[in-house]
Ligand SMILES: Nc1ncnc2c1ncn2[C@@H]1O[C@H](COP(=O)(O)OP(=O)(O)OP(=O)(O)O)[C@@H](O)[C@H]1O
Ligand SMILES: [Mg+2]
């Protein structure tokens, strides 16, 4: 043993031995290490081959993508008036700016997401169907991304500014999209496409989160009225499908409201989605709260913190950290579930797909439209789950 | 030496428990416990498992409610009033068997949190005190680590520093070394000895007989929720009066 170490290689002892098995070795070790794994490997490769071959041939030869190309604006923003679209571009530019800044300052996940965003912009610049105007705005956005990436770290107080920016981005976007009389008002029934999908899901997620925390705390409250109200709300909402909540919001709500008061459809759907998600968020948060050992509460009390301080500094941060995966999962699922609003008549991205497929010009090209919609959902949902996985790692979830 | 210390403090009472009773459901855990502790005294509480030692010291900072009797800490009567309980907790530090550090905060944050938010100390002051305390418990270089990166003994010393940061009048220890590997017990006991010598009033539940003999001014023996005997270490260890004390001592010594 000793002689081995003395006479052995002069590699630094701290580095592990390099793997020397090579590609063939890896294949043998992982895919063909015994007869049934070998059979499974061969079967999987065959299935993959035929599935991919069929799909890819269809995508590149048979499919006619003009249904997407011709209606691209509809898919993105619905009926939003053309002369006001600059407002959406402006909102997007703000998002690009913030992504660029974040990527420059924190790198990591922010950088990866910014690269994806840049890729999406580039693809659309190169695509034949986008207008000159669109290409110009996309170019501006790319420039913003790059410039803010490089200048971000040099701005004084860059972290505070960027975080503040993210918080303000949301109200600013809503203001830009709606106008609220300062800019010409764009009525909500003109909102559509991916824009509407994103607005509904962001509103639902952003508001459901604090409401969910309150519901979770209310559920553990010592006051019976609050506790029972929260339990009733959470269990009621969790017991019914989203689509019924949406129908209730669309059909029942007007019956309860006094004559003359009208809440527009989009707002109703937003409220419905928010309340729906908040019940699930509440359960996630409660799970996190239950995972905190009693010793943490006692230590907080023993050093003299009052219940609010103990919740804010000790319990909630740990509880939320423990359930980030569940919360992001819930957010992704809300984002995808917004597709149900098409059924109650809103023109979200799926609603647009359904609307254009009934145009006789595009007869028999439903597949293309749906595939495009699916791709859009996937890119966004996957980015979210990717970001959350990285966040978990950074925060060291599971390590105590 | 400890005799002199008590005199110095003018025999002022800091804890006064009078006929304290506590039930868990129908289980009578504390039965008419009466005890007074003077300022600067170091009290070690012994007793078999389940005899109510933890429950008793947890009533002193209001972690357990009592159903009958009264407890007065430093002139404040421990009632159901939240204000009183919070006032007493400000004066009372507690160290747990499982350390109970806050895993999501650095050591420095763990120690400064309460001084900043409860005592309203300026952050810089609180951090300065925290670093001095870390020096005192022998781990000044760990300030910016997280609890998970420290050994058990180091974590327990941080827990002591965290309690001391509130400048308490009184420190409660509930089996502070029971969760530690043998080689780490000494480093924690040494910190506690130093604390005792500095004149801190301490209530210590422990199975460390060496510590009890060496440091305690008085030993209190619990059995089945009652104090069955108390006295100086010499009286209790060398000349126990009660049968149950003899039995208990024969089992552990
Ligand atoms: N939260 C609780 N609910 C119900 N019973 C409890 C609770 N905590 C303690 N008890 C019971 O009260 C009695 C006293 O417990 P306590 O923890 O005070 O004993 P102890 O003397 O500290 O024992 P040990 O040396 O094992 O720590 C035990 O019988 C225990 O089972
Ligand atoms: Mg105990």
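Backbone N, Cα and C atoms are what each Cβ position is placed from, and that goes for glycine too.
TrEMBL annotations: computationally assigned, not manually curated.
For reference, TrEMBL has these:
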type: TRANSMEM; residues: A:35-52; note: transmembrane segment
type: TRANSMEM; residues: A:85-106; note: transmembrane segment
type: TRANSMEM; residues: A:113-130; note: transmembrane segment
type: TRANSMEM; residues: A:136-153; note: transmembrane segment
type: TRANSMEM; residues: A:160-182; note: transmembrane segment
type: TRANSMEM; residues: A:194-217; note: transmembrane segment
type: DOMAIN; residues: A:194-388; note: domain 'ABC transmembrane type-1'
type: TRANSMEM; residues: A:229-257; note: transmembrane segment
type: TRANSMEM; residues: A:263-282; note: transmembrane segment
type: TRANSMEM; residues: A:339-356; note: transmembrane segment
type: TRANSMEM; residues: A:362-384; note: transmembrane segment
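Contact between the transmembrane segment (A:160-182) and the transmembrane segment (A:362-384) is absent: fewer than three CB pairs lie under 8 Å, with pairs separated by 6 or more positions in sequence. Among residues of the same chain six or more beyond the transmembrane segment (A:263-282), those with a C-beta under 8 A of the stretch's C-beta atoms are 187-189, 191, 196, 199-201, 203-205, 207-209, 211-213, 215-216, 219, 230, 233-234, 236-238, 242, 245-246, 248-250, 253, 257, 327, 330-331, 334, 337-338, 341, 344-346. If one looks beyond the transmembrane segment (A:85-106) by at least 6 residues along the same chain, the residues whose Cβ comes under 8 Å of a Cβ in the stretch are 73, 77, 113-114, 117, 137, 140-142, 144-153, 155, 158-159, 161-162, 165-166, 169, 172-173, 176-177, 179, 183, 186, 195.
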